[in-house]
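Per TrEMBL, these features apply:
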BINDING   Cys79, Cys84, His161, His166  Zn(2+) binding site
Amino acid sequence: MSFLFGNRSSKTFKPKKNIPEGSHQYELLKHAEATLGSGNLRMAVMLPDGEDLNEWIAVNTVDFFNQINMLYGTITDFCSEDSCPVMSAGPKYEYHWADGTNIKKPIKCSAPKYIDYLMTWVQDQLDDETLFPSKIGVPFRKNFMSVAKIILKRLFRVYAHIYHQHFDAVMQLQEEAHLNTSFKHFIFFVQEFNLIDRKELAPLQELIEKLTTKDR
């Protein structure tokens, strides 16, 4: 959650997505932050009693977008067209961008370009009131869960790129504890609701096992 980052530099890659104060989703976010504060991440990701699953996934998806936004924002100086000419997560995994609307055929591009496309696309989904309704009583679309899964699958790729290509920079900036806590929270969340296929998580499988084994 954003509180993990305290009063550090508020540099983000894209503008932060705010959940309106006083809304039910804002209350859910506060509940999640309070549970996270207990230090038990497995408990923190569980659906609170009596809450709507779609709404819980929506609130957390917005929060993960904000976290990744902030984490990538801290290392943008190290992620350039020259240093990262392709979007990769180690030598075995390379990602090509397509959004199905503006870019239908996957294109090979640099990591900063890919992440710009990705975060802009996610932001557009989060800003769509028909997909992520912020008002009480407005129903979620039938395809909400499938879109949320695509968003989370793509956000994972930013974590994977940071870990594989920029972990030295993360350590230099003394951000590794924030990165690890954020990623662990993300993984527990997607595991709890089965939101990302195991094969998509392969680039960070060893790290996932290391971070989650002691919490089983």
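Just so you know, glycine gets a Cβ as well, placed from its N, Cα and C.
Where the annotation comes from TrEMBL, it is an automatic prediction and has not been curated.
Around His166 (Zn(2+) binding site), the C-beta neighbours below 8 angstroms that are at least 6 residues distant in the chain are Ile75, Phe78, Cys79. Within 10 Å of the C-beta of His161 (Zn(2+) binding site) we count 26 further C-beta atoms, all protein chains included. Its own atom aside, the Cβ of Cys79 (Zn(2+) binding site) has 21 Cβ atoms within 10 angstroms in the protein chains shown. Other than the site residues Cys79, Cys84, His161, His166, same-chain residues with C-beta atoms no more than 8 angstroms from the centre of those residues' C-beta atoms, the Zn(2+) site, are Ile75, Phe78, Ser83, Ala111, Pro112, Ile115, Ile162, Gln165.
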